[in-house]
Amino acid sequence: MAKLSLSKEETVRLILQYLEANEYHRALIELEKDSKVKLRRYGKEIDFFCNLITDGRFEDAETFITPLKNRSEPSYNKVLYTLRKQRFLEALESATDPKLDDLVGWLKELESVAAREDFSELCHIISLNKIIDHPDYANWNIYRGRINCFNDCLKFLSEIYPISASELPKCSLTELLGQLNSVEILGETGNMRSPKFNSEQNKIRGSFRYSQELNEEKKENASEGSLVINEAENQADREEEAKGNNKKVSFWNIPKVTEEVSDEENKIVYNIEELDVMSPGEDHSLGEDHEEMFRQSSQELMASFNPALLKEMARIEDAKPIRCSAFNVSGDYFVLGTNSNSIKVCSMHNIVDGLMYNEHQGREQYIDIVFELRRAYIGSVYCIDWSRSETQIAAGYSDKNIRVLFCPDFLELQETQSETLMCEEGRYLNGEGELPEIMEVVLQGHQDIVRTVCYNPVDDRILLSGGSNDGDIKVWNTETGQFLQKLQGHNGSIFQIAAEGKASYFISVATDRTLRLWDLRSNKCQMTLNGESFAEMTSVALTNSATQVRAETKDKITNIFLKRQQGKQAAPAKPNLAAVGHADGIVTVWDINAGRLYSKNSYHLAECRSVDFSADTRWLVSSSFDRSIGLVQMDTGSACRLEYHEDRVVSARWHPFLPILLSTSADKTARIFSP
């Protein structure tokens, strides 16, 4: 029997080599730190410099390379650029809401040491929602970036420090174990945007999973509770239904579409007129030499949005009506609240990849239901919100309670579970391997149905709520479950609360036909806008919510560095607007700064239950009990109505940065629409 004798250091180095070969960069860095063993040693000075970078101490690393400036200033500038670029990318990736002044300052520092092409590339990255949306950074993450940063710097440091790299182990861990026990160690494949499983794992029930063999999957694998219906897959059924349901899209002064609208989209277009729509790339052009390097940014996609091109990409069906929905900040997932007493967390990776990278060609579009939290004998979910940090989901129920879910890692669940993970009353109904603990807090204090919940965009611990037959807004601490205070002023049921992006104020609407602006610091109403001449108010949205503030910040930074050479002046400041839906279907828009009515729209025929602004604030979407989704082009006032649902449309939401719409309806479906 063969015996193997390895020292502790040799064993650790074998593991480190395995981690490097399989690109487990975070585990590699952490193991080196904990074990004090290095896979490669370059000498005392270089090892110290490596530790500075892997620890993220970039200012100290800049101090360390100061002697290089006297030897070779070009080399010094290249190392300095590499360090500052990594620091900038990490700050951009880690910030949920980037701060304009900080990012501008860091870019100016980079501009002084960067080549023009490199600097233009960084400016373009800002315009993207995520760093990995850039083709050159598709596999980037903080830890991979730090290792690459060190390797890029290493060749220049030899000019001031002696470098003698130690040899790697001659035999890899996989080869060693294979020789001893005929053990085969399999590596995993996949990426952060579209997790992949092997074909056996994809033989599932309950929801579809990511796989290269997905097109071979059959619809009958899905269960009743988590059925995913695809547009192309059900074409014959859709065409048959269209004859009876007379689905259509009505337009008033919407951009003309030159291509013929196909029957499979089940829509009729009429009264279409030309208007000025920004062409893709107009705002973020890098010049002819650079434009082909990049795919369209989210801003460019939104700028070229045309509702005449919208089509249903995928849908989810439930046993009962689906009332409410919310996206997470990153736009990778959304959550649904249903009348079947459950919330469903769904993945958007497939849809987003299809739009951003044109990857939908040749494969079906689908929604992946990752996690479902069921309730026994508890009322319907009436409202839902996802915190800015993506760590909490708050849902208001008809049983007068609010339940706060502390989110597990949904991406990890998506990668490790072969079917929708279901949990009921604190216990899992299925699942594979070690499953995360489900933590919840119940907030009790409402006297009737909880109609609205709204997180403080700068402090996840603070949640505001309102309900039926109660004019008080309640403020909670979600970590402790403690009731903090109440905001008094409304005389009717509160239907919705929305937050200004930096939490400087919150706005609420109620059946007393007033909009009220609240300051949590003073616990008082700052302003009341009277809508006595209109029907009861049922929904509200702001043009300066956290989503719009985040998009505007990135857009400003991009404009500063990409447009200043073109001599273009900054666009005038936009007014802070609040859109309000009314019980008779009217949609009004109010100027918050001026304290007056801004516009009125009357394209719905029944109660308007939700309103929402796109990230660039150019489009307003609304939903109505007349079974339609409304869209208003804010610059021109042009409007259209989409009729896809077979029953009342309860909510319609914009994706945080893309021209994607999510709607939920009493017809028991949630649907995704995209150009």
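Heads up, residue numbers simply count up from 1 along the chain you see.
Cβ atoms here come from the backbone N, Cα and C positions, even for glycine.
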* Asked: For the record in TrEMBL, which of the ranges 54-85, 214-245 is the region 'Disordered' one?
  -> 214-245
* Asked: Who are the long-range neighbours of the repeat 'WD' (642-675) in its own chain, taking Cβ under 8 Å and residues 6 or more past its ends?
  -> 129, 245-250, 266-267, 298, 301-302, 305-307, 309-331, 334, 336, 346, 348, 351-352, 354-356, 365, 367, 547, 550-551, 606, 609-610, 612-615, 619, 621-631
* Structure fact -> For the repeat 'WD' (443-486), the distant same-chain contacts (Cβ-Cβ under 8 Å, at least six residues beyond its ends) come to 97, 379, 382-389, 391-392, 394-398, 400-404, 492-503, 506, 508, 510, 512, 518, 520, 523, 545-546
* May I have the DSSP-based helix, strand and coil counts for the residues of the repeat 'WD' (487-528)? => 0 helix, 23 strand, 19 coil
* To do: For the repeat 'WD' (443-486), provide the mean pLDDT of the predicted model.
  => 93
